[in-house]
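Here's what TrEMBL has on this protein:
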TRANSMEM  6-28  transmembrane segment
TRANSMEM  40-59  transmembrane segment
TRANSMEM  84-109  transmembrane segment
TRANSMEM  121-149  transmembrane segment
TRANSMEM  169-190  transmembrane segment
Amino acid sequence: VSTSHLQLAAFALGTVGWILCTVSMGIVEWRVWHVDNTTIISSGIAWVGIWKVCFISYLHVSPGYKEQFCHKFSGYDSSIPHEIYAAQGLLLIAMFTGLLGLTATIFALRNVCMGIAHKALITRFFLVGGFFYVFAGLCVLIPVSWNFYSVTHNQSIAFPPSYYMPSSPAAQEAGAAIPIGIVAVILLLLSGTFSLSYRLPVTADTITK
């Protein structure tokens, strides 16, 4: 147990990182667009996420919505940029692999705390968990960096007319999902590093074996 403090920290950091990854995937504020024409986008602000685009409108442009209008992206919208579809797939992979990393770490920590003597097996599960943490962190890093690049270069999106969105904003900025994703990347990579740093403690029993 005394040799696995970093791995316990890895589990805590990995858990928070995985939760933040899931949160960033679910919220719509990836890009914040500021538009000049407020005829439909009444607040002058629209939120572009990886699953849908939303804005506030007082014209009730869509049945079922009172003030907030959202349009979900479909796989047939060829005008949607590649970084958005890449973010969808990579964040789903990150969520799955991060969960595998947590599962492997839990199993290893359980064996450590219960004094189970399969030390080589414990080491393997810590290493597997660390690999999954690092892989999940990289899967989050790619879409976060790609979308942040698009924001800083004020890249436009040719939305279909049914979206009621202009093709170019007057200005845009990074939404809350991007800094949340950056923190998730840092925590997942740290937890992966801590898990991979585990070494089998050298004991008289180990030397004999």
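Backbone N, Cα and C atoms are what each Cβ position is placed from, and that goes for glycine too.
Same-chain residues lying 6+ beyond the ends of the transmembrane segment (121-149) with a Cβ under 8 Å from its Cβ atoms: 4, 7, 10, 14, 17-18, 21, 24, 30-31, 50, 83-84, 86-87, 90-91, 93-95, 97-98, 100-105, 107-108, 111-112, 174, 178, 181-182, 184-189, 191-200. Listed as Cβ neighbours of the transmembrane segment (6-28) (distance under 8 Å, sequence separation of 6 or more from its ends, same chain) are residues 47-54, 70, 91-92, 94-95, 98-99, 101-102, 105-106, 108-109, 112, 126, 129-130, 133, 136-137, 140, 144, 175-178, 180-181, 183-188, 190-195, 197-198.
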